[in-house]
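Structure record follows, encoded as structure tokens.
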Amino acid sequence: MNLYVLVASFLASSVEFIEALSIVLAAGVVYGFRFALRGAIYAVITLGLLVAVLGEGILRIVPLHILQGIVGVLLLLFGLKWIRKAILRYAGLKSLHDEDEAYQKQISRLKSSNKGSFEAQATAYNGVLLEGLEVVVIILTIGSGAHAFGSAIAGAAVGLIVVLSLGVAFRAPLARVPENTLKFVVGVMLTSFGTYWAGQSMGIRWPLSDATLLLLIAGYIIVSAMSVRILKKGGVGAS
Amino acid sequence: MTFKKWVKKVYGLFVEDSLLAALSLLALAVVFLISHIGLSRSAGLILFILISVSIVLSVLRA
């Protein structure tokens, strides 16, 4: 079991599960949970098929070092996107992502529609499929890069269980979970993994081997904190 | 969904700021050259610095 992979996968997929849960809850509250859950289940089946087809099969075709390079670049881009968003949000340049607000918007959109159960089912399906697709990317990239599919899947599964338990317990869009902070942490982790693997495939010999990841994580946290400070000092207002 | 839309969606999954994406890819190309001229140990630090600078530049122009 690879602990780094497990934690990264857990954090990254939890964020996506929270967003998917908000959409399913919104659809369920308006039209009943039967239709919303049916849409969610169809989406989970679609995603399961995707992982089954794209998962282990890749490792049999593509050599590990090439896969690490491709995966590293994708993770780096994915992580940088999240870090950038988090920095801009902390600096007040981008409005904070509010799951509660997103949930209310989803409910009013569904209420204004007359398509009924199909709308609820389709909304839940689309929401779970889109957010789940990101989870699939996370599992495939982290799992194949470290040759640790088991740990990546386990991390995502724990994330799913935790988010579902919270969802059942609170029956609310989990606004209490500090999603922006979680996204920032995930962004830092993905960027660090991406830097490490992409760099390794470009010929870098990391001095401390896997432990370099901890240095990269610390480094990106410092860089992000400095960026937020610079932006705040610049006196930029929220948009 | 048309192919163009699908490509756009996949692109959007990984890239929000094209400058940041381009700079990080450029950083990887630079360390590829550096590590192949025998500086494979310092290349890691250079990659980290280049990507950090890219992040700062990207958020500053936001």
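Cβ from N, Cα, C; glycine included.
Features reported for this protein in TrEMBL:
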TRANSMEM  A:6-33  transmembrane segment
TRANSMEM  A:40-59  transmembrane segment
TRANSMEM  A:65-83  transmembrane segment
TRANSMEM  A:123-142  transmembrane segment
TRANSMEM  A:148-170  transmembrane segment
TRANSMEM  A:182-199  transmembrane segment
TRANSMEM  A:211-231  transmembrane segment
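Contact counts against the transmembrane segment (A:65-83), taken as Cβ pairs under 8 Å, peak for A:182-199 among the stretches A:123-142, A:148-170, A:182-199, A:211-231. Counting only same-chain residues 6+ beyond the ends of the transmembrane segment (A:123-142), those with a CB under 8 A from a CB of the stretch are 5, 8-9, 12-13, 16-17, 19-20, 23-24, 26-28, 35-40, 42-44, 46-47, 50-51, 54-55, 58, 71, 74-75, 78, 106, 110, 148-149, 152-153, 155-156, 190, 193.
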